[in-house]
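Summarising the annotation, TrEMBL assigns transmembrane segment to 16-35, 41-62, 83-101, 107-132, 153-173, 179-198, 224-249, 261-282, 289-306, 312-332, 353-382, 394-417.
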Amino acid sequence: MITSVARPQTLSWRDLSAYGVLGLPLAFAALPIYVHVPKLYGDTLGLSLSVVGGVLLGARLLDALVDPLLGWWSDRIDQRKRLIALALPVLAIGMVGLLAPRAEWVGAAWLAATLTIVYLGFSLAQVNYYAWGAELSTAQHERTRITAWREGFALLGVVAASALPTLLAPDMAQGVGRLAWLFLPILVVTAAITLLRAPGKRATQPQRASLLTAMSVTLGNRAFLLLLGVFALNGIASAIPATLVLFFVDDVLQLEHAAGLFLAIYFVAGVAALPLWVALSARIGKSPAWLISMGLACVVFVWAFFLGPGELLAFGLICILSGAALGADLALPPSMLADVMDRDARGAGDAKSGAYFGLWNLVTKLNLALAAGIALPLISLLGYQPGGRDAQGIAGLAFVYALVPTGLKLLAALLLVRCMRRL
């Protein structure tokens with residue numbers, strides 16, 4: 001039986017770790033979906049980059065549109081733990097099919113079908129998991145602690161998922177396939193800890209409003225819309241390098257053997273920086289702290305544009321600095337969202353947390369969809385082909401990987417400055 005434990009005002013490290021540990025397998029699943037799948041299907045398994053980009057765009061758009069519906073439905077059910085328990089087996093089945101397909105099954109239809117299954121399970125679990133976290137406390141700094149613990153475990157999951165494929169097999173496709181099977185026991189153990197040991201959410205009344213009413217009230221929160229705009233621009237800026245990093249390492253840096261190391265360094269730096277961002281946000285505020293992280297990321301990605309073959313140490317340092325900036329992107333925006341929900345004059349924070357996080361996840365998925373749907377065809381249009389050494393194609397890849405995200409980050413920072421007082 002899934003139990004619910006009374007919530008103290010200040011959560012202990014045991015409570016925080018019990019809640020946060022489920023972030024590990026969810027992030028463990030997300031990394032290969034967003035980083036390895038484009039290269040796995042577009043390079044190793046032989047589909048064209050345009051086809052892969054189109055399928056990813058379509059699947060992610062569908063996934064994004066479903067998220068608000070899942071959030072509204074979850075608010076009506078009002079059983080966070082049970083809905084998570086329902087979603088996780090769906091995610092597990094989809095992961096194995098997506099990352100460990102039989103050769104005769106590989107094609108655009110298989111990619112689309114398995115992505116849809118994965119996204120359905122992942123979205124239902126994530127909407128309820130994030131809403132549950134927002135409902136654990138009403139204290140602003142306590143929410144930052146909750147988010148930081150969850151995202152800390154998530155980054156550990158990403159580190160493991162980035163490093164393990166090269167350790168599990170010399171071939172990327174085989175390593176990613178084995179990663180999918182390893183995901184299953186990790187998911188079972190961590191889900192059991194969270195569902196059985198984590199504190200229950202504060203008592204609330206289930207949301208009985210219609211879907212249209214719930215969405216209109218949520219979208220009527222101006223502070224939420226402003227935060228969502230910053231989050232969207234910043235998210236696209238972060239998603240483009242995530243989509244292209246393996247191509248950049250292979251063909252710009254020509255350091256394919258170090259790809260796993262770079263990813264691990266990046267995410268370890270994110271984990272290490274989390275306590276610093278939590279402390280800084282408590283001292284100067286969440287918005288100013290997030291703004292500092294955006295500035296750091298812009299400087300780092302401009303530097304990345306000028307790198308050439310063999311620059312291992314320079315890119316390693318870039319991974320450390322951009323990974324540190326990532327820590328703020330993960331810890332601060334969801335905590336700011338929980339604060340915005342509570343300041344809603346109509347009291348929507350408790351009863352509509354699923355609706356808020358459904359829309360939040362919609363924007364997250366749109367970010368990823370646009371990153372894949374724009375970046376992959378664009379680098380192909382600029383002359384880049386995986387494994388090629390054409391100078392124009394390599395320059396096009398570097399431009400899309402480094403400078404396009406920098407421009408988007410600057411726009412996000414400008415918008416954050418303009419609306420900081422409302423957040």
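Using the three backbone atoms N, Cα and C, a Cβ is placed for every residue, glycine included.
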Recorded stretch, among 16-35, 289-306, 312-332, 353-382, 394-417, maximising Cβ pairs under 8 Å relative to the transmembrane segment (224-249): 394-417
In contact by Cβ distance (the transmembrane segment (394-417), the transmembrane segment (41-62); 3 or more pairs under 8 Å): no
Leading stretch by Cβ pairs under 8 Å, where the reference is the transmembrane segment (261-282) and the options are 107-132, 153-173, 312-332, 353-382, 394-417: 312-332
Chain residues in Cβ proximity to the transmembrane segment (107-132) (below 8 Å; excluding those fewer than six residues from its ends, i.e. six or more beyond): 19, 22-23, 26, 29-30, 33, 37, 41, 47, 51-52, 55-56, 58-60, 62-63, 66-67, 70-71, 74-75, 80-81, 83-84, 86-95, 97-98, 101, 150, 201, 334, 353-354, 356-358, 360-361, 365
Distant-in-sequence neighbours of the transmembrane segment (153-173), which means Cβ under 8 A and at least six residues beyond its ends: 17, 20-32, 35-36, 39-40, 44-45, 179, 182, 259-261, 263-264, 266-268, 270-271, 274, 326-327, 330
